[in-house]
Amino acid sequence: MSSTPPSIDDSQVQGLGGPAEQVMLLEPQADEQLSSRLANTDSSGSDTCLPDRNIDTQSVPRSRLVLAASNGHTEIVKQLLDEGVSVHERDPELGKAIQAATMSCHTDTMRLLCEVGASVDDDYPCGDTILHLAAKMGDKELVTLLIKLGAPFLKRNNNNDTPLTYAVVAGSLKMVVCLLEHGADAELSNDEYQRPLFRAVSYGHLRIIETLVKHGWELDGKDEIGRTALCVAASYRHLDIVRYLIDSGVSLEDTMDGMTALHHAALCGYLDITDLLIEKGANIEAVDGDELRTPFYLAIEYCNPLVAKRLLEKGANIAARNSNGYSALHLAASREQCLDMVEFLLEQRADKEDVAADGLTALGIAAAKGHLKTLRLLMVSGARVDSYGGVNSTALHAAARRGQLEVVQALLDGGADIELARNTERPYTALGIAASSGRLDVVKLLLERGADLAARQDQDGFTPLHIACRDDMIDVVKLLLEKGAQVDVLDNDGWTPLHVAARNDNDAIIRLLMEYWADPYITCDDNLTPLAYAVRHDQRLAVKALIECGADCNIGSPGEFTALSLAARHGYSQTLELLIELGANIELLDARGESPLITAANYGHLETAEILLQKGAHVNWEDYDGWTPLAIAARRGYGELVRLLLERGADQSIKKKQGASCSFSVIHRAICVGHVDVVRQLSDATDGQKPPMDTLGRSPLCFAVSHGRQAVVKLLLERESYQASLQDIYGSTPLGIAIRIGYESVARLLFNATKPSLDAEDLLGKSLRWWLSTVATPSMQELFENLEKGADDVGSESDGNDEGGGMRAHCDICLMRIMRDQPRYHCDACLEADFDACVRCIDLGGTCLDVSHELIYYDSSPRKLGIV
């Protein structure tokens, strides 16, 4: 308590700066006492830290008032205050005077400071008030004084603690009672987590717990992190509190994150708590929420054999599994520090062959983890080294995959079958697994112990060398080759390791295989060499490595594609450039007579075609069917490619097929499939020239009409050279064709463009009027009746959409359709054996291209009936 300051004569103070310096000289022990008090920590474990500890006390003057208050020299404090020193002055180490007096429990000094205006409700850096500090000191007289002076006893600091909580943590029952008597129980209404009660439980203050319960605190709540009082007491091994709580009716099954009090006791290894909880009826098979761990499982996980044994004695299930499908034995085998627990479980007859959810037994788990001592213990106890566990892999497979060299050696020494394959879709042996995982030391050991280099590892027939190439394990590849692996071994699809490396674009492995004389011309079942496979998948590193190591840059798929054609086919422009740089022949034809440029045109690869043309590719090269790149691009509607080819001088004139009697120009091809933009480009390129004709003398305009391409018809009518009056070899005009086929919109376009006479005859001796009256549809007849009357606005032209959508089986003379059930005449010599004529045209005197040809008559079967 407060002490009376000693009398100070003049000789004691002579030469000193003032009374505060006298204090420091008279009681040097005061600093040590204060430091000891300030070293106390709050309930959260952090320093109370009221003053600012970051201040450099060597450079900041000390406060004489605060030092005097700290030492309880009330008279000196009074003298300093009378001299005008502010009651609020701060010391760099001790804070304010009232704070220092409180920490030192000097009530007289505190009373004096309060009388002259010192605040009792200030918040200090950690949020504590003077009352917090007094409660922590355990001084009832001081606390009573502060409350009388108006100190707020319900105020919380930065850790949400009240003075009552500080008193509980300090274990001061009289202080707790004092605060409760002054109304601290009012904080119950604002404290849903019952902080004082849980602090009392965690610190083991039973009498305080009983006092709090009498004042209204409940035992069945939870604290701010979800703990029950019973779980907290069990975790801190407060046996008397556990018993009190159970006797008070607290539920044994209440949980914190799914864990009961028994879980906590098992986890911590508290046998006495475990016995008490079991005695009181705790459920030994309770599981902790989503993880599904029982108390026994936790006792094993945290290596508490005494608790585990007691739980087993009380009926705990030794085979219980967690949410990952692991039993206690699986778990112990997976942790190197749990060797004793493995031994304990084996002594308790845990099932050694039980299979975890991942398909491994305890032996397999220990092998995968590399726990050699655990592995040997399991083997000595009789665990089967080659057990699949009925699901997946053996221990040897697991160890090989993880690269556990010593474990692999121990398993082989223990009799593990080195050639046993996994029971999976990829039934690799240990060697295949180690090769796939790049476990070089394990591969070396397995080979030394006699593993088969050529063993097939899966349903594809891969060998360990294939696998190492596929998984880019170059060191393993080198080791296998050094040990004699066959470099050109084939899998079930004819793939060599070189194919695999090419597919993976691994140039380093390719060069290594070629050093061992790998054959770059072996073709797989798809007839692809390694180079072709690399090109097909745009693997440029592989392409470069193969060619630089001696592969012919032109050989791709023998008898089918060149390497360059494959690149052109897929539009791999960078690979194509690389091949050309490495010497590939840009004019070399594939099996269909296609040059790389024709192939690029076939698939519409503009950039690829441009590169080939820049490198000198022949723009007018024809394939075996007489198709040029321009004809192909036009037929497929590749407008940009057509423009490029035309700019490079492509010839769009008629090209005959060798040995055939029919031919079409490029523009005819484009019209067939209705590519308007392409037709526009082609017609613009030949505007002013005589339009090209096909074998039957039909102009592009006739073609457009016969195929119902209204938009193309409109386009061509705008060109002067594409005259609507031009006749084919049978004297038919485009208008006559439109009338016979029934394309009304096209017929209206042509009539308005030419204003023809309907009485002019064709070479069959029939006029347009005759055809209108004989074969035209009623609506076509009505249209021309109105057109002849000058009613130009009869009906309306369509928006340019095609009417026909392409030709079906038709008469090559009148171009009318021949239905399946109609008889017809056929010539095997004309138009590549594709000349057909309807009965009407033959009866009118029509013939094929050569009157000397014999026409074959078919009825509706079609069945040959005779020769005309």
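From the backbone N, Cα and C atoms, a Cβ is placed for every residue, glycine too.
Positions annotated as compositional bias 'Polar residues' by TrEMBL: 1-14, 32-47. What TrEMBL lists as region 'Disordered' is 1-56. The repeat 'ANK' feature in TrEMBL is assigned to 60-92, 126-158, 225-257, 257-289, 324-351, 391-423, 426-458, 460-492, 526-558, 559-591, 592-624, 625-657 (among others).
Here the repeat 'ANK' (60-92) has a mean pLDDT of 90 out of 100. Within its own chain, the repeat 'ANK' (559-591) has Cβ neighbours under 8 Å at 527, 531-532, 535-536, 538, 540, 543-544, 547-548, 553, 597, 599-600, 602-603, 605, 607-609, 611-612, 615-618, 621, 623, counting only residues six or more beyond its boundaries.
If you look at the repeat 'ANK' (324-351), the same-chain residues 6 or more away from its ends with a CB under 8 A from one of its CBs are 296-297, 300-301, 303, 305, 308-309, 312, 318, 357-358, 360, 362-363, 365-366, 369, 371, 373-374, 377-378, 381. Summarised by DSSP class, the composition of the repeat 'ANK' (559-591) is 17 helix, 2 strand, 14 coil. For the repeat 'ANK' (391-423), the number of residues in each DSSP class (helix H, G, I; strand E, B; coil) is 17 helix, 0 strand, 16 coil. Under DSSP, residues within the repeat 'ANK' (257-289) fall into helix, strand and coil as 18 helix, 1 strand, 14 coil.
Across the range of the repeat 'ANK' (592-624), the DSSP-based residue counts are 16 helix, 0 strand, 17 coil. Applying DSSP to the repeat 'ANK' (526-558) sorts its residues as follows: 16 helix, 3 strand, 14 coil.
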